[in-house]
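Student: Summarising the annotation, TrEMBL assigns active site, nucleophile to CYS92. Among the features that TrEMBL reports, domain 'Glutamine amidotransferase type-2' is placed at 92-314. Here TrEMBL flags CYS334, CYS481, CYS532, CYS535 as [4Fe-4S] cluster binding site. The Mg(2+) binding site annotation in TrEMBL covers SER382, ASP444, ASP445.
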Amino acid sequence: MAANVSTATATSNLLDKQPCLFSPCKTTPSYKNLLIIPYQQQQQQQQQQQRLFMKNPQPLKAVVVNSSSKLTNMDPQHDHYSDDDDKPREECGVVGIYGDPDASRLCYLALHALQHRGQEGAGMVTVHNKVLKSTTGIGLVSDVFNESKLDQLPGDMAIGHVRYSTAAGSSSILKNVQPFVANSKFGSFGVAHNGNFVNYQLVRAELEEKGSIFSTTSDTEVVLHLIAKSKARSFVLRVLEACERLQGAYSMVFVTEDGKLVAVRDPFGFRPLVMGRRSNGAIVFASETCALDMVEATYEREVHPGEIVLVDDTTKEIQSMYLLRPHPPKPKSCIFEHIYFAQPNSIVFGRSVYESRYAFGEILATEAPVEDCDVVIAVPYSGVVAALGYAAKAGVPYQQGLIRSHYVGRTFIEPSQKIRDFGVKLKLSPVKAVLEGKKVVVVDDSIVRGTTSSKIVRMLKEAGAKEVHMRIASPPIIGSCYYGIDTPRTQELISNRMNVEEIRKFIGADSLAFLPSDSFRKLLGSDYNNFCYACFTGKYPLNPTAPMEESIDDK
C-alpha cells in the first residue's frame with residue numbers, strides 16, 4: 001500500500017461569498033443558460049424540455065438458442081484475457097459531506113459502502129480553518145485510512161473518492177487517485193469525479209498549448225485547469241464555465257477553502273448522484289443511496305441531470321441552478337447501474353436496484369424458460385437477485401450452486417504446474433450436492449468476453465451437472481462505454497463478433513438466452529427514454545472523439 005498525505009494552504013481568499021449567482025444581479029447576465037427561478041419551476045421546465053427531446057432507441061431482438069443448432073466450436077482456452085477482465089468495471093464513486101464535525105469519519109464509512117465501485121485507490125479531502133488537507137492511497141478504503149490518518153483530517157466538510165483504474169500503470173496510479181487538490185489565484189479547492197469526458201484529449205491539448213502542465217493521466221485534471229483559468233468571480237460560476245467546455249459523464253463534488261461544497265451532474269445524467277440529510281442537518285452527497293444508509297442520512301432526492309448544487313453558510317437553504325447548454329436536458333442515465341454496478345440495496349435514478357434485477361429474472365423465466373429444470377443458481381454476487389426472480393417465476397428452487405470466496409485478494413501465487421481455470425476456481429467453488437445429476441439454470445448479469453462464462457460452465461459440468469443452461473439478465477453487449485465504465489474495445493466484445501448460437505458453443509452451455517431488449521420499455525414505462533442503452537444498441541447519446549474511441553481508458 002502507498003499513501004499520500006498533503007496539505008493545501010490557502011493562497012488568497014478571493015472566492016465570492018455572495019449568493020448573487022442564484023438571484024438576479026449584475027454579475028450574471030452573460031450566463032443565459034442559468035435558470036434563476038424557484039426550484040419547483042426549474043423542475044417543471046426541465047421535465048417539459050425532456051419530453052421535447054426524447055427519442056426512442058431501436059431495441060435489439062433477443063434470441064434463445066439450444067444445442068441442437070450446428071456450428072463449428074471455438075476453443076475458449078485460446079482467449080488470453082484474465083478472469084478479472086471479463087466484467088465491466090465501474091471507475092469510481094464519490095462522496096461529499098457538509099456540516100458535520102465528524103465529516104472525515106462519515107466520509108470514510110460512506111466510501112466503505114461504495115467500495116464496490118472502485119477497489120484500486122481511495123482518497124479524501126477535508127476543510128478546516130481555510131486549509132484543505134488531503135489523504136490518498138492505493139488499495140481498499142480500509143488499507144488507505146486508519147484512526148491516525150482520520151485524526152489528521154479535521155473539519156466539518158469532506159469529499160471522498162474510490163477509484164477503479166483502467167490502464168494508468170502502477171508507476172502513476174497514486175498520482176491519479178482522487179480527490180485532486182489545486183491552488184489557484186482564487187484559493188484552494190478539491191474535486192472528486194465519477195465519469196469520463198469524451199472530449200478530454202481535445203480540451204487537454206488546447207490547455208497544454210496555452211501553457212497548462214498536467215501531472216496525471218486522469219481526465220479529471222482538466223477540470224482543475226479550466227476552473228483555475230476562469231475569470232468568473234464566483235467559484236460556482238467557474239465550475240459552470242468548466243462544465244460548458246466538457247462533454248460526457250460527470251458527477252462531481254467540490255470543496256473550497258472558504259467552506260463551499262458544490263455538487264454537479266452532467267446534462268445527460270449518465271452517472272448517479274444523490275443527496276441526503278442527517279438528523280443534525282448535515283448534507284450528504286453520494287454516488288448511491290447505500291452510502292447514505294451507512295451514515296444514517298435520509299435520502300431526499302437525486303442531483304438532477306444538468307444541476308449544480310451549492311451548500312455553504314450564507315443561507316440555510318440548498319441553492320441550485322441548471323445547465324441547459326451545451327446540451328438540451330434529455331437524461332440518458334446508465335441502465336447498467338441497475339444491471340450490475342449499483343448495490344442491490346440502493347435507489348438509483350429513482351428506482352430500486354433490487355426490484356429491477358428481480359424483474360429482469362422474472363422476465364427471463366417468462367421469455368426463456370428451461371423445461372423440467374431442477375435448480376436455479378446464480379453467479380455470485382451480481383447474478384443473485386435476478387436468479388431469485390427467475391426461480392420464483394419458474395417455480396423452481398433457488399440454491400447456492402456456486403460459493404464465492406471472501407478471501408481472494410487482488411494478487412495470488414499460482415501453482416507452478418498450471419491448473420486449468422485456476423483464476424475462476426480461486427474465486428468460485430461448485431457445490432456438488434446441489435449440481436450432481438441436475439439440469440441447472442445459471443443466471444449471470446452479463447457476458448463481456450465470454451472467457452469466465454466458459455470456465456464456469458465447464459466447472460459446473462465437471463462437478464456433475466447434467467445440463468447447464470445460461471440465462472443472462474441483460475441484452476448482448478455490442479458496444480464499448482465512453483461514459484465512465486471500463487469496458488473492452490468493441491472488437492473484443494464477444495456479442496459484437498458472434499451471434500447467440502456462436503456464443504453458446506463458445507461457452508459450452510446447453511442453451512443460452514439474453515434478456516430481451518424490449519423488456520426495458522415494458523419495465524421502465526414512461527422513463528424508458530431517460531436511460532442510455534448504447535452498450536446494447538451501439539447508438540450513443542454523445543459520440544466520443546476519435547482519440548477517445550482509440551483509447552478506452554483513463555489516459
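Placed from the backbone N, Cα and C atoms, the Cβ positions cover glycine too.
Fair warning: this is a prediction, and the values are worked out from it, not measured in the lab.
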Student: Please report the distance from the Cα of CYS535 ([4Fe-4S] cluster binding site) to the Cα of SER382 (Mg(2+) binding site), rounded to the nearest angstrom.
Tutor: 18
Student: When a 10 Å sphere is centred on the Cβ of CYS334 ([4Fe-4S] cluster binding site), how many other Cβ atoms does it contain?
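Tutor: Result for CYS334 ([4Fe-4S] cluster binding site): 28 neighbouring Cβ atoms inside 10 Å.
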Student: Compare the Cα of CYS481 ([4Fe-4S] cluster binding site) against each of the recorded positions CYS92, SER382, ASP444, ASP445 and report the nearest.
Tutor: CYS92
Student: Roughly how many Å lie between the Cα atoms of ASP445 (Mg(2+) binding site) and CYS334 ([4Fe-4S] cluster binding site), rounded to a whole value?
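Tutor: Cα-Cα distance, ASP445 (Mg(2+) binding site) to CYS334 ([4Fe-4S] cluster binding site): 15 Å.
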Student: Near ASP444 (Mg(2+) binding site), which residues of its own chain have a C-beta under 8 A away, given they sit six or more steps off in sequence?
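Tutor: Result: ALA378, VAL379, SER382, GLY383, SER453, ILE456, MET470, ARG471, ILE472, ALA473.
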Student: Provide, as an integer number of angstrom, the distance between the C-alpha atoms of CYS92 (active site, nucleophile) and CYS334 ([4Fe-4S] cluster binding site).
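Tutor: About 14 Å separates the two Cα atoms.
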Student: Between CYS92, CYS532, CYS535, which of the recorded positions has the fewest other CB atoms within 10 angstroms in the structure shown?
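Tutor: Each of the recorded positions CYS92, CYS532, CYS535 was scored; lowest Cβ tally within 10 Å is CYS532.
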Student: What is the pLDDT of the domain 'Glutamine amidotransferase type-2' (92-314) when averaged and given as a whole number?
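Tutor: 92, rounded to a whole number.
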